[in-house]
Amino acid sequence: MFAASTFAALIAVAAPLLVRADVTPSEPGPGDVFNIGSPCIIKWTGDADSTTAWKNMNIELMTGSDLGQIHITTVAQNQDGTEDGTFSYTCPEVTPTSAIYFYQFTSPDTSSVTWTTRFTIASSTGQTTPPPNATQPGTDKAIPWGIGALVDPSKAVPPPTRGTSNPGSTNSTTTGTTGTTGTTGTTGNTPASSSSSPAVKSPPNDQSLAASATTDPSGSSASPKPTSAASTIGFDNRVWLSVGAFVFATLVW
């Protein structure tokens with residue numbers, strides 16, 4: 001009887017620890033195309049399990065391979081990722097105009113990182129070029145990629161500092177579920193060869209979107225698996241506590 005009641009109590013305590021939610025990007029998705037000078041739209045499902053972890057969310061425009069992601073610019077800062085939201089800004093002038101771009105979502109209050117799939121930024125008239133590379137380096141996976149950059153690198157906004165404060169925000173409009181608007185984001189970019197580009201470990205995969213990623217040992221970034229929704233970091237101390245609780249409960253049982 002004692003063992004059964006103990007087991008039930010441990011299950012009740014451990015179950016919530018197994019539940020982990022993060023911001024889930026929903027747009028852009030595979031095949032989406034946005035023209036330079038037109039609105040670039042980003043949408044996400046908020047992290048309803050926390051009122052703080054994603055309260056000050058940042059969104060970066062990224063490029064590069066799965067294992068060699070490169071920060072282009074920070075397009076949005078201080079977004080409320082605890083609610084479903086939409087952010088719109090003017091698509092920057094980039095080169096090349098190809099399906100080699102994706103967004104990275106971070107927050108100074110969580111180590112989790114999520115991504116969108118790769119999408120296309122086309123010319124102002126809709127012209128595009130194929131991604132320069134058909135397969136991923138080192139793995140030969142058939143996931144096209146390339147390296148993009150702003151035509152005018154002076155418009156670049158550096159990557160946000162993760163785990164501390166964020167840089168100031170500029171010029172764009174965001175709309176959340178409440179219909180309120182704010183002024184954050186920018187259309188800037190850093191060159192593809194920027195020294196701020198992170199070393200990464202788990203790649204953007206445009207074919208499956210629910211994979212996990214790990215934070216780079218340098219603490220600056222993690223690699224994406226952008227696909228149809230987003231990748232998230234799922235294992236943390238709560239998971240290990242849950243596993244330990246179940247093991248203990250099994251032994252008692």
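Note: Cβ is positioned from N, Cα and C throughout, glycine not excepted.
Annotation comment: TrEMBL describes 163-199 (among others) as compositional bias 'Low complexity'.
The compositional bias 'Polar residues' annotation in TrEMBL covers 204-216.
The compositional bias 'Low complexity' annotation in TrEMBL covers 217-231 (among others).
As annotated by TrEMBL, domain 'Yeast cell wall synthesis Kre9/Knh1-like N-terminal' applies to 28-121. As a whole-number mean, the pLDDT of the domain 'Yeast cell wall synthesis Kre9/Knh1-like N-terminal' (28-121) in this prediction is 96.
Summarising the annotation, TrEMBL assigns region 'Disordered' to 123-231.
Here TrEMBL flags 1-21 as signal peptide.
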Task: Secondary structure content, the domain 'Yeast cell wall synthesis Kre9/Knh1-like N-terminal' (28-121) (per DSSP, counts of residues) - done: 0 helix, 55 strand, 39 coil
